[in-house]
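First comes the structure, then the notes that go with it.
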Amino acid sequence: TALFMASAMGHVDVVRLLLRKGASVQKRVFHRNAPLHAAAAEGWTEIVELLVQHGATLDVRDGFQNTPLMGAADSNEVGTVRRLIELG
(Lines of atoms letter the chains of each structure in order from A and count residues from 1; the text may use other names and numbers.)
(Lines give C-alpha, C1' and ligand atoms only; values in the text may rest on other atoms or scores of the structure.)
Protein backbone atom coordinates (compact mmCIF):
# COMPACT_ATOMS: atom_id res chain seq x y z
CA THR A 1 0.00 0.00 0.00
CA ALA A 2 1.05 3.61 -0.30
CA LEU A 3 1.14 3.92 3.49
CA PHE A 4 3.37 0.86 3.78
CA MET A 5 5.80 2.21 1.17
CA ALA A 6 5.91 5.71 2.67
CA SER A 7 6.44 4.20 6.13
CA ALA A 8 9.28 2.00 4.86
CA MET A 9 10.99 4.89 3.07
CA GLY A 10 10.70 7.38 5.92
CA HIS A 11 8.50 9.85 4.07
CA VAL A 12 6.94 11.51 7.12
CA ASP A 13 4.94 14.13 5.24
CA VAL A 14 3.44 11.53 2.91
CA VAL A 15 2.57 9.31 5.90
CA ARG A 16 0.84 12.27 7.57
CA LEU A 17 -1.13 13.04 4.41
CA LEU A 18 -2.20 9.44 3.89
CA LEU A 19 -3.29 9.11 7.52
CA ARG A 20 -5.30 12.35 7.28
CA LYS A 21 -7.01 10.92 4.21
CA GLY A 22 -7.95 7.72 6.03
CA ALA A 23 -5.28 5.20 5.04
CA SER A 24 -5.50 2.03 7.11
CA VAL A 25 -2.68 1.42 9.58
CA GLN A 26 -3.82 -2.22 9.81
CA LYS A 27 -3.64 -3.19 6.12
CA ARG A 28 -0.97 -5.84 5.52
CA VAL A 29 1.30 -6.45 2.55
CA PHE A 30 4.35 -8.69 1.98
CA HIS A 31 4.52 -11.56 4.48
CA ARG A 32 1.63 -9.93 6.37
CA ASN A 33 3.74 -6.90 7.29
CA ALA A 34 1.89 -3.83 8.50
CA PRO A 35 3.21 -0.28 8.01
CA LEU A 36 4.40 -0.35 11.64
CA HIS A 37 6.69 -3.30 10.86
CA ALA A 38 8.30 -1.35 8.02
CA ALA A 39 8.79 1.88 9.96
CA ALA A 40 10.16 0.07 13.03
CA ALA A 41 12.63 -2.07 11.08
CA GLU A 42 13.98 1.02 9.30
CA GLY A 43 14.24 3.08 12.47
CA TRP A 44 11.71 5.73 11.48
CA THR A 45 10.68 6.55 15.04
CA GLU A 46 8.57 9.58 14.12
CA ILE A 47 6.55 7.45 11.72
CA VAL A 48 6.19 4.73 14.37
CA GLU A 49 4.69 7.36 16.68
CA LEU A 50 2.30 8.63 13.98
CA LEU A 51 1.10 5.13 13.16
CA VAL A 52 0.51 4.31 16.82
CA GLN A 53 -1.35 7.61 17.30
CA HIS A 54 -3.62 6.53 14.45
CA GLY A 55 -4.39 3.12 15.94
CA ALA A 56 -1.55 0.83 14.88
CA THR A 57 -1.28 -2.15 17.21
CA LEU A 58 2.13 -2.51 18.86
CA ASP A 59 1.95 -6.29 19.17
CA VAL A 60 0.87 -6.94 15.57
CA ARG A 61 2.65 -10.00 14.17
CA ASP A 62 3.80 -10.57 10.61
CA GLY A 63 3.74 -13.86 8.72
CA PHE A 64 6.81 -15.02 10.64
CA GLN A 65 5.26 -14.07 14.01
CA ASN A 66 7.60 -11.09 14.44
CA THR A 67 6.43 -7.89 16.10
CA PRO A 68 7.59 -4.39 15.11
CA LEU A 69 9.73 -4.36 18.27
CA MET A 70 11.47 -7.53 17.10
CA GLY A 71 12.12 -5.96 13.69
CA ALA A 72 13.59 -2.82 15.22
CA ALA A 73 15.79 -4.88 17.53
CA ASP A 74 16.96 -7.10 14.65
CA SER A 75 17.93 -3.96 12.70
CA ASN A 76 19.76 -2.50 15.71
CA GLU A 77 17.48 0.55 15.74
CA VAL A 78 18.05 1.40 19.41
CA GLY A 79 16.06 4.64 19.44
CA THR A 80 13.06 2.96 17.86
CA VAL A 81 13.33 -0.01 20.22
CA ARG A 82 13.35 2.41 23.15
CA ARG A 83 10.31 4.29 21.86
CA LEU A 84 8.32 1.14 21.14
CA ILE A 85 8.96 -0.04 24.69
CA GLU A 86 7.85 3.35 26.02
CA LEU A 87 4.68 3.22 23.92
CA GLY A 88 3.58 -0.01 25.34
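Count begins at 1; order follows the chain as displayed.
Backbone N, Cα and C atoms are what each Cβ position is placed from, and that goes for glycine too.
Per TrEMBL, the features are as follows:
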REPEAT    1-30  repeat 'ANK'
REPEAT    31-63  repeat 'ANK'
PLDDT averaged over every residue in the repeat 'ANK' (31-63): 96
Within the repeat 'ANK' (1-30), count helix residues (DSSP H, G, I), strand residues (E, B) and coil residues, in that order. 18 helix, 0 strand, 12 coil
Taking DSSP H, G, I as helix and E, B as strand, the repeat 'ANK' (31-63) contains 19 helix, 0 strand, 14 coil
